[in-house]
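Database features (Swiss-Prot):
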- Asp24, His26, His59: divalent metal cation binding site (BINDING)
- Asp24, Ile25, His26, His51, Ser52, Asp73, Leu74, Gly75, Phe153, Arg156: 4-CDP-2-C-methyl-D-erythritol 2-phosphate binding site (BINDING)
- His51: site 'Transition state stabilizer' (SITE)
- Thr147: site 'Transition state stabilizer' (SITE)
Amino acid sequence: MVSETPGAGSPAAPVIPLVGIGTDIHAFEEGRKLWCAGLKWEGEGPGLAGHSDADVVAHAACNALFSAAGLGDLGQHFGTGRPEWSGAAGITLLTEAARIVRAGGFEIGNVAVQVVGSRPKIGKRREEAQKVLSEAVGAPVSLSAATSDGLGFTGRGEGIAGLATALVYRTA
């Protein structure tokens, strides 16, 4: 894509998209509420262990946004060394991550996230989750899910993982 500069005789420099990848992994922990993709999942088993609500979808999306913009990672911005973020909702972290990325001179094109695990069952609430995530980011967020066919920690039901990509454009 080439953007035109109004009144200029030649096209402006091409707008180069920047892509980032993010991951997040949490173990299940009895006694915690299960938050995933910005939603509370009643009846889907125990929640996830973590400094915040351990929402692997929101956290992976944050990491992908920071990666695309070259602005560090989730731990740098919201890690255990930052007590003000203890217990924070993943959707709050995602909203703040999007703000940080935009303040860094970038616009967000989109984010895609995949949950790896046998629960929660994403399909039944996919549209609701995508709406909540997209509102937090201020750009389209798509959500998919996969299992690991009984292999590894997700297959054994010990936890879940989130994998994300984000596309951003420099605006400044």
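Note that Cβ sites are derived from N, Cα and C of the backbone, with glycine treated the same way.
As the structure is a computational prediction, the values presented were derived from the model and not from experiment.
The highest number of surrounding Cβ atoms within 10 Å, among the recorded positions Ser52, Thr147, is found at Ser52.
The 4-CDP-2-C-methyl-D-erythritol 2-phosphate-binding residues named in the record, Asp24, Ile25, His26, His51, Ser52, Asp73, Leu74, Gly75, Phe153, Arg156, extend over a maximum Cα to Cα distance of 28 Å.
DSSP assigns Phe153 (4-CDP-2-C-methyl-D-erythritol 2-phosphate binding site) to a helical segment in the three-state reduction. Look at His59 (divalent metal cation binding site): DSSP puts it in a helix. Fewest Cβ neighbours within 10 Å among the recorded positions His26, His51, His59: this applies to His51. A 10 Å radius around the C-alpha of Leu74 (4-CDP-2-C-methyl-D-erythritol 2-phosphate binding site) takes in these recorded positions out of Asp24, His26, His51, His59, Thr147, in sequence order: Asp24, His59.
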